[in-house]
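Everything below concerns the one structure shown next.
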């Protein structure tokens, strides 16, 4: 029998955004970034109240179909807990549908909030599993849960009847690695951008990406001079360039100047990993073309603060 939690219990969740793929690590590599959403969740006597401020305000639903609410309910179910009602207030800073893990952050925030309300019965592994299930891949969600860089993977059942199993392990990241996000002023649909990908690739391209993922792991951990080589890719970015021409142009411009630039997630954000600041002139050119520039650091894991009634 599920435990009913006390009215008045409240948690505040701070969850980082993330960048997925990092070039070659399609649906595998992720990196938590220092742009954050904050979600306040309180148990109330009845009903559901949802407020959203910042990114997504006026665009996302304010009912039970809101992703944070759905994730809270999934987390409560996994924790074998019930609540009579919920008040959910979202303060969003992660750009929505821009390739910075906004939907994964929402799922992580919801599951983490439920875990805090229920006095933390869920493990990190369970939170990765529950939040990744909303995405269908674990790279963004795992980065937001664990912080830093992650290697993630998915196990599918042979018969296709069981739910996919998601897992991840953290990677140490050199302290001097920073991220610069060039965020265009338009949304990209992950589904639409995935539709342009081929169903099969050549063995030589697969081999190319396997080697670059290995290089990228070494670059993050101990050899940041290899970041440019480690962000090369043949599995998804060449195909997505046709539907994201502005992003592709910026990635190519930056890479031609020696910067480790890549398409962040499904885009449209172009991300640069470096140990030195990007020159002001380059960033000013981006801003003048209508691109928002975010100078970021590698972030830690999701944080949950419990406020007792």
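Backbone N, Cα and C define each Cβ position, glycine as well.
Neighbours of residue 95 (ATP binding site), defined as other CB atoms within 10 A of its CB across all chains, total 24. Per Swiss-Prot, ATP binding site is recorded for 95, 96, 97, 98, 99, 100, 101, 102, 103, 104, 105, and the stated evidence type is sequence analysis.
Apart from 95, 96, 97, 98, 99, 100, 101, 102, 103, 104, 105, the residues listed for ATP, the same chain places the Cβ atoms of 17, 94, 140, 265 within 8 Å of the centroid of those Cβ atoms. Cβ neighbours of residue 99 (ATP binding site) (same chain, under 8 Å, six or more residues apart in sequence): 19, 20, 188, 263, 264, 265, 266, 267, 268, 269, 271. Proximity of residue 103 (ATP binding site) to non-local residues of its own chain (separation of 6 or more, Cβ distance below 8 Å) is seen for 67, 97, 134, 135, 140, 190, given in sequence order.
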